[in-house]
Amino acid sequence: METIFALSSGAPPAAIGVIRISGTEARGALEALAGSVPDARKAALRRLRDGEGKTLDDALVLWLPGPDNATGEDCVELHCHGGRAVIAAIERTLGTMPGLRRAEPGEFTRRAFANGRIDLAEAEGLADLLFAETELQRQVLQASAGGRLSELVGGWRERVLALSAQVESALDFSDEDDVDELAPAFYTDVSTLADELGEWLERPQVERLRDGVRVVFAGPPNAGKSTLFNALLQSEAAIVSPIAGTTRDVLERPVAFGGTPFTLIDTAGLHEGGDDSIERIGIDRARAALRDADIVLWLGPEGEGPDNAWEIDAQSDIDERTAKSAPRLRLSAKTGEGIDALVRDLRDAARDLLPRPGDVAVNARQHALLSEAAGELAEITRGQDLLITAEHLRTARSAFDRFTGRATTEDMLDALFGRFCIGK
């Protein structure tokens with residue numbers, strides 16, 4: 001396998017740039033650059049030179065022999081000055097060395113997976129953690145990247161193995177005419193594990209956390225949707241005009257309130273009729289956004305919004321109007337009245353829609369595998385042929401193996417590690 005290298009720190013210019021090298025030629029590359037290799041896992045100052053002996057930079061270098069490191073292979077880290085020219089010169093020199101090449105996106109992490117340093121669930125958690133933008137996302141995804149989810153699944157797998165051992169024992173000590181019954185405790189254990197998996201299947205998934213709670217602003221034209229949208233974003237993201245129908249498309253913006261992620265969605269004004277084909281497309285898109293919404297803020301006439309929509313009286317600063325009799329909130333985007341209360345209510349509602357801080361969450365792929373395992377356990381019944389019971393347990397165990405990557409496909413791995421940046 002070729003030795004790979006890449007810049008693992010932020011894009012230059014920066015105070016420090018960290019270049020990683022991983023593979024069998026890592027030690028030789030360090031020796032060629034620095035003239036000597038320092039003691040393992042001890043930082044040392046070295047002058048780096050190119051193949052002609054010209055100085056590239058003075059850097060702190062680390063020699064990290066495998067397998068007890070990030071990738072499980074021999075590794076080197078070069079902590080150099082973070083200027084563009086310095087980084088480019090060092091990478092250019094590395095590229096001329098036999099057996100070395102630039103790393104592909106996610107290739108360091110993929111090698112860590114291949115060498116057993118992390119499992120698939122940890123890799124998926126790390127991929128999501130790299131794109132975490134809010135505190136809640138960081139807390140939940142850190143738990144998955146740190147191995148808590150893998151420990152949990154490993155425990156479930158061990159329980160299935162123990163159940164399989166009981167079935168195999170019963171098969172070994174039975175004859176063709178008199179198959180021994182499994183103990184009642186066996187079925188209790190199966191039911192308990194199935195219920196535990198079922199509880200996990202009810203929890204919010206990572207995708208919901210990644211995208212945030214979808215909040216749609218809906219109502220007729222000129223109801224104040226875009227004004228409220230801008231007020232919550234604290235920016236002029238949407239055009240606001242007294243002309244009805246100014247907003248003709250769906251406008252989405254991510255935002256975090258107190259570390260909780262949301263996606264705010266402004267929509268075209270809803271009304272019947274109209275000969276403008278572009279406006280009709282905007283209305284159709286608005287209705288589609290309503291179908292996918294977690295929360296709808298209804299700024300139209302009271303009682304005319306979708307079921308479970310929040311009735312918002314968004315023009316509390318205007319005297320000549322027909323006020324809603326029982327709105328959830330009265331507010332004014334112009335004066336700021338009620339905006340803080342709306343944000344508090346949104347955050348409170350999000351607690352039931354998103355994983356809680358410190359929780360472990362699964363993604364759609366992992367959810368499907370847990371569902372498969374739970375379904376197999378649910379098929380196990382008293383009096384069932386023991387060979388059928390054994391097959392249900394084997395399939396459940398296979399689902400757990402695919403969860404952590406004991407069994408997987410190259411296409412799925414390509415898709416996962418392709419999400420990483422170069423150098424990770």
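Glycine is no exception: its Cβ is also placed from the backbone N, Cα and C atoms.
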Residue in Arg20, Arg27, Arg159, Arg382 which Swiss-Prot records at the (6S)-5-formyl-5,6,7,8-tetrahydrofolate site where Glu77, Arg117, Lys424 also bind: Arg20
Three-class DSSP secondary structure - Arg20 ((6S)-5-formyl-5,6,7,8-tetrahydrofolate binding site): strand
Confidence summary for the domain 'TrmE-type G' (212-351), mean pLDDT rounded: 82
Distance, Ala268 (GTP binding site) to Ser226 (Mg(2+) binding site) (CA atoms, angstrom): 9
Where Glu77 ((6S)-5-formyl-5,6,7,8-tetrahydrofolate binding site) sits in the secondary structure, as DSSP reduces it to three classes: strand
Neighbour tally for Ala268 (GTP binding site), based on other Cβ positions within 10 Å of its Cβ: 26
Annotated (6S)-5-formyl-5,6,7,8-tetrahydrofolate contacts Arg20, Glu77, Arg117, Lys424, maximal Cα-Cα distance (Å, integer): 18
DSSP-derived helix, strand and coil totals, residue by residue, for the domain 'TrmE-type G' (212-351): 36 helix, 32 strand, 72 coil
